[in-house]
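Asker: Just passing along the structure, written as structure tokens.
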Amino acid sequence: MGNGEMDGSHLVERHEELRSEWEREEEQLKKCVEIIQHNVEAQSAELAKVRAETKEMYDNYRSDNPELHNDLVIGLSMQTDLERSLTKNLAALKKPFFGRIDYRELGMETRDGEEEEEKKQFSLYVGKNGVSKSSTEIIIVDWRAPVASVYYDSDVGESSYLSPYGDQIHIALDLKRTFEIKDSSLVDYYDTDVIANDEFLTKYLGKNKEVVLGEIIATIQKEQNDIIRDTPWHSVIVQGVAGSGKTTVAMHRISYILYNYKERCRSDEFYIIGSNKMLLNYITGVLPNLDVYNINQMTLEEFLVYLLDMDFQLKKKKYILISPFAKSRKRAGENSRVRTLLKRYKGSLDFIRALEYYLDWYEMTIIRSEDIIYHGKNIYSENEIREFLSIFKEKPLSEKQELLNKRLLSKIRLVNEREQQEKEVISIEVKKYKDYFGKKVAKYDLEKIYLDFLKSLLDTGFYKEFSGVLPEKEVVSLLMEDFTGKKIDIYDLAMLTYLKRRLKFTKDFEYVSHIIVDEAQDFGVSVFYCMKQLFANCTYTIMGDITQNIHYDTGMNDWEALRGKVFSEEKDKFYVLAKSYRNTVEISNYASRVLKHCTFKTYDIEPIIRHGSEVEVYEAKSETEILHKAAQILKCSKEAGYTTQAVICRTEEETKEVYDKLKELIELESLKENMEEMNFTNGIMVLPIHMTKGLEFDSVLLWNPDSSSYEKSDADAKLLYVAITRALHELHIVYMGELAELLS
Ligand SMILES: Nc1ncnc2c1ncn2[C@@H]1O[C@H](COP(=O)(O)OP(=O)(O)OP(=O)(O)O)[C@@H](O)[C@H]1O
């Protein structure tokens, strides 16, 4: 027999093998579909029954019947649960699973390296939702289940996973397979040892994107999985380059935590904080798809106003909220030196620490801490009072006062009882000292105390024991001028919230257990310090990229202070994501070139190898030409099938101008007067850079980045980096005059 014949028979054998493997997978898929179909039918019947019952209760509802009211509430909640479960099952019907892992459990590893005892063999299918045939027979494992981490973490070979009971289970992974399933039919499957990860990923990444963040459960990468599955008992800080999946990972992490820590974590105690409404709507759009409901989502400003429980009449314009981008200026660098120093001060830890120092003093002016001599005896010594205050340091002033008053009264009662005084006498004595440490104040004048604090910053003598740095006089004057002129920003709001927390007990602060901050680098470290003081038992998932800090003076340009001074380097975790999934290699390289001009530390970008067209830079000679060229580019991109397109401008003012002119030439999505109220939609959107943060578009046209709009500074490099990295497939640049040096 010649070699050729041998190869031929092997090929036939291999082909047969593949065919029967394919048939086995089709069989498995069919079986799963049948079970899900059965579950769907059972749930539909149950839902119809519950709906009928709640309807009947609703029809007979009478407000004076509390029992009926309770039943109705329970019925409605059951109905919602069933509806959600049915929706999940209907989706699972079309695509029951995406992965399969075959593994053998190995015995416990002995310390002296004795041989491992082989255990059972498993073949598990992993899906977006778990599917069971009965209460004991699981057909598809939920992607969030502990064992499913093997699918994300390991390649074929030995590995392990953490059981729900905290044991490390050692396994030998024999097969890791990913499926493509469409409308309940098997389209294809790939085994990890056959197809390279990047090659597989590019199949997903080449597609056009929706106007809601997508779920990535079939392609979560190992380094992302580590973050998603980290425990909620400590905080997690993630530095990730643009497009590395920070936001996506954060949303999947919420889903993972709520699924695995049901008993301890409630979705309504989770808060997602983002920089604007459009971003929040975009990122949280994925949550129902990830089986997450009832999460709070707010901008930082909204969150603080909610905690303050007073709106400073922002709507009535009693106070004006200063937004760094609302002004109609072209360049960030036009601010005066003092204004820049003020911004830096507000974002720094020195600011909030000075307030902390001031409030420690303020507290002592209210709480009398001197020996209390009663009937000739020192019944409450200064030392005792001070010790008490240091033990209950975290408690608000009003609570400290209450506790001290109570303690003093019991001492007075005791002295009188020992002296065998009449009841009436005791009661008179107790009344005399009732408010010795101060009366319970229902409402504090936060604005006045804050202003007094601002004034105090001029008094260097007062701060002689303060370990931080005080601002220059001019900076303090500007700070006070803004506040008395009723101009406030998120930093004032944060300080006022902290002030409120120090003075008064409030329930709102109790019900915050996990905070997820996206685009965290845009907020100064003082805000995080403040939040840490506000919520005693809260942990955080903080996602950001210092290279994308668009509030250069207030935001964070490194992670040092946050990691070392606000969070604990030992207890909390810091991760770095370096791979970029969003941009083509050409766009990523272009973005990296901008960063080469910078003096700040940058994190290297590793693009997933996906090629596209070169970045097009077009110089126009006149305004008419630039507008016509832009319209032509946008038209071509649309014809190429790109559904989301953005024209990115420098400022809000420029955005309005460009929008007005361009709309005469091509159909645009309408621009609202208040850009914060806009929604991310398909079509062509004209937006200022800061409003595109966190978003992504199939095609981006960067509007006129000339040398007068962007100077060669770190701040402007960050802005351009953000704009460039919004593009998934195509980036075009049109300009007039001299191109910004950062791009040349
Ligand atoms: N593992 C993955 N598989 C497939 N796609 C992924 C993966 N991780 C991220 N992506 C995709 O990459 C894109 C960028 O993700 P995302 O917006 O979460 O990144 P980001 O780090 O928050 O970006 P930015 O800092 O620019 O806001 C999204 O389209 C997301 O679906």
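Every residue gets a Cβ built from N, Cα and C, even glycine.
Model, not experiment: these values are computed from the prediction.
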Asker: Given the ranges 12-53, 54-95, 600-641, 642-683, which one is assigned the annotation coiled coil in TrEMBL?
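Answerer: Here TrEMBL associates coiled coil with the stretch 12-53.
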Asker: Are there residues at least six beyond either end of the coiled coil (12-53) with Cβ under 8 Å to its Cβ atoms? List them, or say none.
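Answerer: That would be 75, 78-79, 82-83, 85-86, 89-90, 92-93, 96-97, 125, 131, 133, 139-140, 179, 181, 184-186, 189.
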Asker: Can you count helix, strand and coil residues in the domain 'UvrD-like helicase C-terminal' (653-736) using DSSP?
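Answerer: The domain 'UvrD-like helicase C-terminal' (653-736) comes out at 28 helix, 24 strand, 32 coil.
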Asker: Let me know the model's mean pLDDT on the coiled coil (12-53).
Answerer: 89
